[in-house]
Amino acid sequence: MLRILSAFSLLISMCFFSQTKLNLIPYPQKVEFQNGEFVIPTSFNLSNNLPVNETEYLKNKLKLKFSNAKNQDAHLLYSKLENQSKPNNEAYSIEISSKQIHIKSYTDQGCFLAIQTLIQLFETQKNGKIPAMKIEDSPKFAWRGMHLDVCRHFFTIEEVKQYIDYLAMYKLNTFHWHLTDDQGWRIEIKKYPKLTQIGSKRKESMIGAYVDDTFDGKPYGPYFYTQDQIKEVVKYAQDRHITVVPEIEMPGHALAALSAYPELACTKGPFEAATKWGVFDDVFCPKDETFTFLENVLDEVIQLFPSQYIHIGGDECPKTRWKECAHCQALIKKNNLKDEHGLQSYFIHRIEKYVNSKGRKIIGWDEILEGGLAPNAAVMSWTGIKGGIEAAKTNHFAVMTPGAYCYFDHYQGDPQTEPNAFGGFTPLDKVYSYKPIPAELNAEQSKYILGVQANLWTEYILDFKQVQYMIFPRLFALSEVGWGTSKPENYKEFENRVVEHFKILDKMNINYAKSIYNISGKVIPASKGVSYELSTSQNPSGIKFTTDGSEPTSNSSTYQNPIPASKAMNIKSAYFENDELKSAVSSQNFSTSKTTGKKITLEHQPSENYSFGGAFTLVDGIIGNVKQLGKTWLGFQGKDVVATIDLGEKTNFSEVYFNTLDNKGSWIHLAKSATVSISDDGKNFRTIKEIGKEEILSTKGKINIKLGNQNAKFIKIKVENAGIIPAGNPGADSKAWLFVDEIGAR
Ligand code: ACM
Ligand code: ZN
């Protein structure tokens, strides 16, 4: 995956609302409270007509004694409603009186969803009592999905079943199983045994942040699911009314398949399953042999998965090999295709025709729109919402999974307090704020938005405990967004329910992120240098801090006003409730200099996604952290950094320093040159030093320019962008990114 990391924007809601009465997630569409209470009995009597599967589920989840009873004596009574002309299969109602709980639904699925509501009412009740009420409920969106990548890292069927259970608990209904990718083929295909014999292993795996490019040296695999195991998972999901949508990637992300069957590529190979994360040039070659192979694979996949949709990937397929392949070029000519993008479209159309002939439909990532969408295809909109909009406007269904809101491999708190993640910043309130229907669509077009899904790519997710951590509590937000009862303007009320559901996760021994308790820090200019302002979405009097590098305790200073950071120092902060540490400890180093907190202007503004705190970021006293691309750095695509700093008065200095990044995989290149000029009036500048590419290369981006003794009021720094990315690099011919963190002077 080659995503440029999205902005690290802190949106802290500071409003407080009183707690809702019911601790339900997702919150039901309609709740009417009535007089009275249902007291949870020691022996819970069930009516005989409850669906068997749903009864079993309930009995397994609630630690109560159960027995059967006639309708009038049952604590839990069920009525199956007559089918109206077109009932919502997922609709249900629950009436709770002091004597009885009565579930009504059209289908067993509706009953199952009602039982989830009931279990939550039991688990979050106070004093063994549930208020009398009537709940009428049904989801807004038909597709409420979670994806799991089992290729970058593998998870056992027991773990996959747990994952499916989490979906069920929170009324999600679709499990998107990402089964094939460059780094491993994970599904047994009887006709092609080498796919799992060879393609389910890799030599080693990349470790650490992507920029480090280091490997663990440990063979990984063979890891795959047998067809019997797959059937077991599909049955397990069916019992929970969850549809499993398998994904078989094509034409890109195919290296593991090509390692087993190199004859399906444009060039001879040999190939091996990828050990790095990213996007690779060797992809399926659209020859007849490849289509036969893929059709045979899909035959077995269709047998195993009863889902209406089969996900065929389609994303991130470089055209490098196709451009140089005689077969591919001849195919483009023969079919009058415009170019390689036309060939991608040809590929997807041909696969769609096959899948349709088996009575199924295809869904694919945004890029299946390239060169024209196949007639019945649905789009999974991930690079943003454009793909979904385009699909809906042309009467194609779309599932919304935009990276900025729905990629759960992003950080959900300050990266310094989190396990290593892909990057980006998608905290709970960001997920909760998502509205799946794009504003651009009218009512008719909106019907094509099938729903919403979150994706969990596992490059940096090494075990199942970390899977839990990445999805919780964000899955709660997704659940309510998909159900259609989210109220981002009442985020705080939602957060109160989230905290109640942490207790359920605790009981199940599920690991989850406590980032909502974390302290946010913001640097603000002060009369001398800068100050550090701390905030929390919780009770502000719970913030404790230290400035001497020691760990904060409940006895540390209570935060009241912004903390002056006029010298180099380390500020540590944490959130406490009743003397108990609730958050991670946030730590911020300040490295102040003669520019810190001074007035700065930029000739060109940074790109929107990497504009963090604007120009001020470059004089906020914080040296950039490579793990926080969106936070402490400003990013400029194709533009120079031209910064003028007003020191306020004539000042002595003898060096200027800053860092720039080198991460060619993400199109980030070192600067070409750097120039320092000075002035006393801010108008007439005199260049005093220029350094070139060689010198910058030799510093690996940690630039320190010695100037001799200088005295001036203004310093101007020009850092020259590398320009157009040269051939042979990722993103060749595109504009390079230039990242700068802090411009200091001593
Ligand atoms: C994707 O994230 N490459 C769909
Ligand atoms: Zn080819």
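Backbone N, Cα and C define each Cβ position, glycine as well.
Copied over from TrEMBL, here are the features:
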| type | residues | note |
| --- | --- | --- |
| COMPBIAS | 547-562 | compositional bias 'Polar residues' |
| DOMAIN | 22-137 | domain 'Beta-hexosaminidase bacterial type N-terminal' |
| DOMAIN | 141-484 | domain 'Glycoside hydrolase family 20 catalytic' |
| DOMAIN | 528-586 | domain 'GH29D-like beta-sandwich' |
| DOMAIN | 613-721 | domain 'F5/8 type C' |
| REGION | 536-562 | region 'Disordered' |
| SIGNAL | 1-20 | signal peptide |
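When Cβ distances are compared across the two stretches, the domain 'F5/8 type C' (613-721) makes no contact with the domain 'Beta-hexosaminidase bacterial type N-terminal' (22-137), since fewer than 3 pairs at least 6 residues apart fall below 8 angstroms. DSSP places the residues of the region 'Disordered' (536-562) in helix, strand and coil in these numbers: 3 helix, 7 strand, 17 coil. Across the domain 'Beta-hexosaminidase bacterial type N-terminal' (22-137), DSSP helix (H, G, I), strand (E, B) and coil residues number 30 helix, 45 strand, 41 coil.
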